[in-house]
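The annotation domain 'GAIN-B' is assigned in TrEMBL to 20-182. Taken from TrEMBL, the feature domain 'G-protein coupled receptors family 2 profile 2' applies to 187-434. The transmembrane segment annotation in TrEMBL covers 186-211, 223-244, 256-281, 302-325, 345-371, 383-401, 413-433.
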Amino acid sequence: MLNTTEKLVSALVKITETSYAINISLPDIEIRVLAVGPNSFLGKTSVINTADAQMEIDLIGISKSEMNKGHAAVSFVSYTNIPSMLNRSFNSETNMEQTLMSTLVSATLPKTTNKTLNKPVNFTLKHTPILNPDHIPSCVYWKETEWVVDGCTLIKTNSSHSVCSCDHLSTFALIMQINPTQSDQLIVLLNTTFVAVGLVFLSLALLTFAIFRGNPRVTNPALINLCISLLLAHLLFLLTQHFLQYIQPKQLVCALLAGVLHFLFLSAFVWMFIEAVLLFITVKSLSKIRSKQKEALIMRCLIVIGYGSSLIVVGMSAALGPNGYGSDKCWLKEDRGFIWSFLGPVYFILACNTILFSLIIFSIMVALTRLNSDVSQIKQMRTIAFKTIAQCIILGCPWILGPFTSSSKVVEILFLVLNSQQGTFIFLVHCVLNQEVRQQYKKLIGVLFIPSESTITEVQMT
């Protein structure tokens, strides 16, 4: 039906040197066509209205494209009688009780050679039912056989209307989740609980590293910065999801938060890679740099690499795909492959770490066969290798499940739990399982809670 209507509307469009509009109103459909030519006197933004919808589009800007040569046309169709079939198709795909809450609108650029939008198009849609103030609608578009939430962002909403900003033209509508399923409520609860627990253990790990910052056997700069990146990323993610209904309508804020999350999670993986490289160098040389000046210089270089490389990736992603940030969850949009600006570097780092850890294990095995090797030093290398390899598996491998979370609730819950507990695993591996840390904590507890000998003597004399 949509394709047939589009073909009929396209037949109404004729090339013009100035501009003209066509308005057709029928009981179940309203059609608006606007065409412009090189001599048009229309303003930069064209506003097209139907009874229940409005579209704002820069048609003059589109016409000025070199391929269009000053000519462009847009059709805006509003379907007042929405087939129930479209509503069922959305529910079946998402397994959630959701409903369409606006008229169906369709926008195309008929007989226009270059259909690229130079800036997003805004749609104002009237709510067909009365909107509950506690519910936030979502902007969706029809993609072949299903409703898709990415590609459009809700700018603002009130009890009667909502405004959607879209970076492409298609068939659009508003949907609203009426009654979340129990599984969705469970995921929200698990997300809040497990992320909060992970943040607590990340904080404990950083506190431990701060106490033993002078001991190279306990911590290193890469591990500290890894924990800082994870702490900030998980904290920001938790706050964003908790206040999503207030943040998501603010498109700029939502996109900015998505960019910061992109940067922090990428930084965590870069620091994990740096830690693997430092471990490989240490195992190969079986020695540590003694010079404080060299250590300070290397530390500054690592900070530039650890955060600078992530900043470059985020900057290039924002430049090449400025509309890629700010999905309905305030994360990276999955349409047009933008999500690979995160998954690509992550999978590349995981592949490099796998190669590095294989070489580390091989080097340790070779060192064990040398009779003249320092046994204590080799034991230390084996311990560090175990901790870092375990950390790589814990921090990296769960992200492999990411692309499959939408197809299975079990995979989604497993992905959520494993990623939220990264701080817990770091604390267990680098603090609880570290014998030196345990001994130092025992001494610290003894100093704080066990009275000294002089205090005991003074009490006895009294």
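Glycine is no exception: its Cβ is also placed from the backbone N, Cα and C atoms.
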Tell me, what is the mean pLDDT of the domain 'GAIN-B' (20-182)?
80
Positions on the same chain near the transmembrane segment (302-325), where near means CB under 8 A and six or more residues out:
120, 167, 221-222, 225, 254-256, 258-259, 262-263, 266-267, 270-271, 274, 332-333, 336, 338, 341, 345
With a Cβ cut-off under 8 Å, give me the same-chain residues at least six positions beyond the ends of the transmembrane segment (256-281) that come close to it.
220, 222-223, 225-226, 229-230, 232-233, 236-237, 240, 247, 302, 305-307, 309-311, 313-314, 317-318, 325-327, 330-332, 341-342, 345-346, 349-350, 352-353, 356-357, 359-360, 363, 384-385, 388, 391-392, 395-396
Please indicate, using numbers and ranges, the residues of the same chain that are 6 or more beyond the transmembrane segment (186-211) and have a C-beta under 8 Å from a C-beta there.
218-219, 223-224, 227-228, 230-231, 234-235, 237-238, 241-242, 409, 412-413, 416-417, 420-424, 426-428, 430-431, 437, 440, 444
